[in-house]
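What TrEMBL records for this protein:
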- 383: active site, nucleophile (ACT_SITE)
- 260, 261, 262, 263, 264, 265, 266, 284, 311, 331: S-adenosyl-L-methionine binding site (BINDING)
- 91-118: coiled coil (COILED)
- 479-490: compositional bias 'Basic residues' (COMPBIAS)
- 152-449: domain 'SAM-dependent MTase RsmB/NOP-type' (DOMAIN)
- 454-490: region 'Disordered' (REGION)
C-alpha cells in the first residue's frame, strides 16, 4: 500500500505546484524510485480517461473517504497496469468496484469505437513510455529492455550536472573525495570555469568553483543508492538551491527561521553552516512534507531544529521565543518555472491571474518576515523565472518598508544578475541552465540598515571584520581550511 500512498502524495504535490515530478519522487522517501516514477507517470498519462471512469462509475460518490488522487492510482493499476499488488483496505475497496469500473471502461470503448485501452488517449498522450520518460528528462536504458533508467538523462536535461553537497555535520570534503576515489571515481580538483563543469563525463568529478562544499558529477550520475547518500553524509541538491543558505551565512550560535522549510535540504544546509550550534525554527503547513523533512533532517544529523506544522504568516514576530532571531531564509511557494524538469513534457506558463495571486502571497510573507524585531539579515529566493515573483516582489516590499532594509550585493562576479526592474535590482542573483548550469533560480539578500545610515543597495553587507559568504571576496576564493571531522566514511 505504501507504493499507492506515495504515488497519490506525488500527484497532490504536482497539483499544488510543490515541485517537478522527479524532485517529488526523490523526496517522497519511497525506497523504489523507479517503480514510483513509472506508476505516477503512467497515471498522469491516463489522467483524463481515469477521471471519466471515476465519474461514470461514481466511485468517489460511493466511497467518500477515498482521496481522488489515490483513486486514480488504484484504478490505473487495476485496469491498465499489472494489477493491484499491495494489500490493505484500499486494495479491497478497489476490487469491490472492479466489475462496475470494467463495465464503464467497456462502454467508453464502444462510444469511441476503439478496442484497445491506448486508443482512448488523445494523440499527444498516446506516446510510448520511453517517449514519456524522455520528455520528462529520463531516457530508457538500452541495457534494461527499454525500461526506465534514472541514470540516463534525455538531452534536454543533460546540461545540468549532478551536484552533491557534502554534509559537514557528519564528514568533510576531503573524506568524501577519498571515498569516491576508492569507488573508482577520478577527482579533477577545483573547477576554474563553468565550461569545465560542462565537459565532465564518465566517473569524473570536480569541486565547484563557487561553493566550497559542493562536488560536481556528470548529469547521468545516480547516487541515490550510494552509501554516502543513504547514511546522510552527502545531500543531492542543485547548486542554485544551495545559494540561499550559503548567502544567508549565519554564524554558529545564531537563531534562524526557515520560513517555508519542507522538504528540508536548505534547513540541513543551515544546520551545517551553524555547526548544529544555535537554533533553527522551521515552518511548513503540509503534514506529509513535514514528515519527509523530519526523516531527512534525522538522517543528516541535524539537532537544534524545532519543526512546526504552521503557516509562517500566523507566526507572531513578537513572541519571546523568536526575540533572538537574527536571520531568516524565505523560499516561499512559487510557480516553479525555473525547474529544469517539470513533470511530463513542457508545462504551460502560469496565467496572469496565477502569477498575480502568487506574487500577492510572496509580498505578504516577505513583509511579515521583515517584521521580526531582531532580524538583521534575510534571504528571499524562488525557483521561478518570472519577474512578478522576484524583482517586483522585492521592490514592492522595500518601498513599503522605507529605509529600514536594503538590498545587499552578494557574489559580485556571479554571471546572472537581477532584471533591471528597479534601481538596485542588479544586486540580486539569477541562475539558469544556460549560464550557470543550474535550475532557474532567483536570490535577493536584504539587510537591516544601521541607525542613521543611508540605504544604497551597493554598500557592503557587513563590517570587514566579519564578512558574510560571497561578500568582500570573489565567489571562487579559497575557503578557510577546515579541520577534519573525527567520523570517517569507510
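Along the chain as shown, the residues are counted starting at 1.
Just so you know, glycine gets a Cβ as well, placed from its N, Cα and C.
Note that the structure is a prediction, hence the values are computed from the model and not measured.
The average pLDDT the prediction assigns to the domain 'SAM-dependent MTase RsmB/NOP-type' (152-449) is 91.
In this record, S-adenosyl-L-methionine is bound by 260, 261, 262, 263, 264, 265, 266, 284, 311, 331; the longest C-alpha to C-alpha distance in that set is 19 Å.
Cβ neighbour counts within 10 Å, taken over all protein chains shown, single out 383 as the most crowded of the recorded positions 260, 383. For residue 383 (active site, nucleophile) paired with residue 266 (S-adenosyl-L-methionine binding site), the C-alpha to C-alpha distance reads 13 Å.
Counting every protein chain shown, the number of other Cβ atoms lying within 10 Å of the Cβ of residue 264 (S-adenosyl-L-methionine binding site) is 29. Taking Cβ-Cβ distances under 8 Å and a sequence gap of 6 or more within the same chain, the neighbours of residue 262 (S-adenosyl-L-methionine binding site) are 284, 286, 289, 290, 292, 293. Note: residue 266 (S-adenosyl-L-methionine binding site) has non-local neighbours 241, 244, 245, 258, 329, 331, i.e. same-chain residues 6+ apart with C-beta under 8 A of its own C-beta.
Taking a C-beta cut-off of under 8 angstroms and a sequence separation of 6 or more, residue 311 (S-adenosyl-L-methionine binding site) has the following same-chain neighbours: 283, 285.
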